[in-house]
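*Asks:* Take this structure first; my questions come after.
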Amino acid sequence: MEAEPPLYPVAGAAGLLAEEPEAGVPDGVLPEGPELDEFVGAYPDYNEEEEERRYYRRKKLGVIKNVVIASIGGMLTYSVYLGLLQMQMILHYDETYREVKYGSMGLPDIDSKMLMGINVTPVVALLYTPVLIRFFGTKWVMFLAVGIYALFVSTNYWERYYTLVPSAVALGVAIVPLWASMGNYITRMSQKYYEYVNYKEEHVQEQRRPPRGAHMPYLVIFHTIFYSFFHLSFACAQGPMVFFLNGYLYGRNHTLYNVHSCGTNSYGILIGFNRTVLRRLPHSQNLIVVESVLMSVAFLAMLLILALCGSAYRPTEEIDLRSVGWGNIFQLPFKHMRDYRLRHLFPFFIYSGFEVLFVCTGFTLGYGVCSMGLEYLAPILTAYGFGAAVFSSLGLLQLCLPRQVPLVAGATVHLLLILAFFFWAPHPQVLSHSWVFYMVAVLWGVGSALNKIALSTLLGILYEDKERQDFIFTIYHWCQALAIFAVYLGSDLPMKRESKSKMDEEIESTRPL
């Protein structure tokens, strides 16, 4: 019985070679000599230097993408927070809205507790912020903090004590970690960009410390980009006012009827301002739509940071940084507060918190709204936001001027405006000089932009020898929170004070003899 032929030809069999004389090396057998070099050698058109250049170009584009996405995420988060808080304060100020919507629930008391949670809680942020950033990582702290901002927005669907006050406390906990991690993230991106640009340098290949001030140009540029987007949040926050709330507001003839003095002639802010500012009450369904839009924007900011922002440090770097011990991490901010360089910058840190609060309350309410009416609140803050965003480009002057010049220039602009405020008393219900308010808002924005960019850049340069700067930015933003806390302790918001006095009068009138 004849054996059946194999189903597949056997590699290297003599019959196969005889049948295919022109065949080269059989399957399963590696060639030898020059043919082996051709088989396993490099691709003939491969250019190692060109491929390396393309690789680091993609890395540089990734860093730029991280900076832009983090800046947009911070802008969206802060604009949602400011817009919601501004809208709610105006609605809750109107006594008709409070009585019809909430009756005897004590809405002014809830507002005061909510503001207390936002302003008081950051005072203790120095104790936990560095630990949070080291434990979760810079990117994840940014993501979690933005999520807490979204939580604060969601609780406004059901305005009760047990929803608003706890969310406000959580928001206060997240304020300093968010902006400290943002500052550290932008600074770290400038260092990575320098490494990718100079990847051929010996100290970069050996992962040694670069020369002092080497990444300064990228640090200045990236912080300029970040604060350009950040200051746009003041303009974007006016969306609820412009597209929704302005249609329900009374005109200046009604709201400013009992206002007789503004600016330096006034003994307070908005003395005599009418307690009813809404011509008609907004429908609950419309409020839900507005809050849903704000909620969607907050979730968009979360997704942008989660999906498009790369990590600030390699996993091995994170492990090495945590190995120093949690006790040492906890003590780092307190140790560096003794640094003479930080002690000299403390007045600028404190002032950086004061000036933002002043432009949003003192100038806008005591001068702008007091003179032109509540409907001009949004245009004034929009002028401030756009002015600060556009003139943030002046921060690039640090590339050709001494680092102190932008910082001193911003403080000088604000000092001149403050001196002018002492002698400026605009008349109520007069619109002929409205351009002056917009010009002052833009000039104040110029000073704010120079102040913040110069401070953040200076911190990144002074402490570039540290492995990371999260504790430095923690001290910076903690001082800003202290300034706002001091203002909160000194005086309540004017609208809230008037609301409380009105409620006290109502309680007295209903008390039995």
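One-based numbering along the chain as shown.
Note: Cβ is positioned from N, Cα and C throughout, glycine not excepted.
What TrEMBL says about a protein is an automatic prediction, not a curated fact.
Annotation comment: TrEMBL describes 63-84, 114-133, 140-158, 164-186, 218-243, 293-313, 348-369, 376-399, 405-424, 436-463, 475-493 as transmembrane segment.
Looking at the shown structure, what environment does each listed feature sit in?
*Replies:* Outside the transmembrane segment (114-133), and at least 6 residues removed from its termini, the chain residues within Cβ reach (under 8 Å) are 141, 164-166, 168-169, 171-173, 175-177, 180-181, 184, 326, 329-330, 332-334, 470-471, 474-475, 477-478, 481-482, 484-485, 488, 493, 496.
Beyond the ends of the transmembrane segment (140-158), by six or more residues, the same chain brings 70, 73, 77, 80-81, 84, 88, 132-133, 164, 166-168, 170-171, 173-175, 177-178, 181-182, 185, 288, 291, 294-295, 298-299, 301-302, 305-306, 309 to within a C-beta distance below 8 angstroms of the stretch.
Within the chain carrying the transmembrane segment (293-313), a Cβ under 8 angstroms from the stretch's Cβ atoms is held by residues 62-63, 65-66, 69-70, 72-74, 76-77, 79-80, 83-84, 137-139, 142-143, 146-147, 149-150, 153-154, 184-185, 188-189, 240, 321, 468, all 6 or more beyond its ends.
Listed by sequence, the residues of this chain that lie at least six past the ends of the transmembrane segment (376-399) yet keep a Cβ under 8 A from its Cβ atoms are 86, 216-217, 220-221, 223-224, 227-229, 231-238, 241-242, 246, 359-360, 364-365, 368-369, 405-406, 434, 437-438, 441-446, 448-450, 453-454, 457.
Panel annotation: around the transmembrane segment (475-493), residues 89, 112, 115-116, 119-120, 122-123, 125-126, 129, 175-176, 179-180, 183, 333, 336-337, 342, 346, 349-354, 356-357, 361, 455-456, 459, 500 of the same chain, lying at least six beyond its termini, place a Cβ under 8 Å from a Cβ of the stretch.
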*Asks:* What parts of the chain pack near the transmembrane segment (218-243), using Cβ distances under 8 Å and only residues at least 6 beyond its ends?
*Replies:* 67-68, 70-72, 74-84, 86-87, 182, 186-187, 189-191, 193-194, 197, 290, 294, 360, 377-379, 381-382, 384-386, 388-390, 392-393, 395-396, 398-399, 445, 448-449, 452-453, 456-457, 460-461
*Asks:* Look at every Cβ pair spanning the transmembrane segment (436-463) and the transmembrane segment (63-84), keep those 6 or more apart in sequence, and say whether at least 3 of them are under 8 Å.
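*Replies:* They are not in contact.
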*Asks:* Who are the long-range neighbours of the transmembrane segment (348-369) in its own chain, taking Cβ under 8 Å and residues 6 or more past its ends?
*Replies:* 234, 262-263, 266, 269-270, 376-377, 380-381, 384, 407, 411, 414, 421, 424, 426, 437, 440-441, 444, 447-448, 451-452, 455, 475-476, 479-484, 487, 493-494
*Asks:* Considering pairs 6 or more residues apart, do the transmembrane segment (164-186) and the transmembrane segment (405-424) have at least three CB pairs under 8 Å?
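*Replies:* No, the stretches stay apart by this measure.
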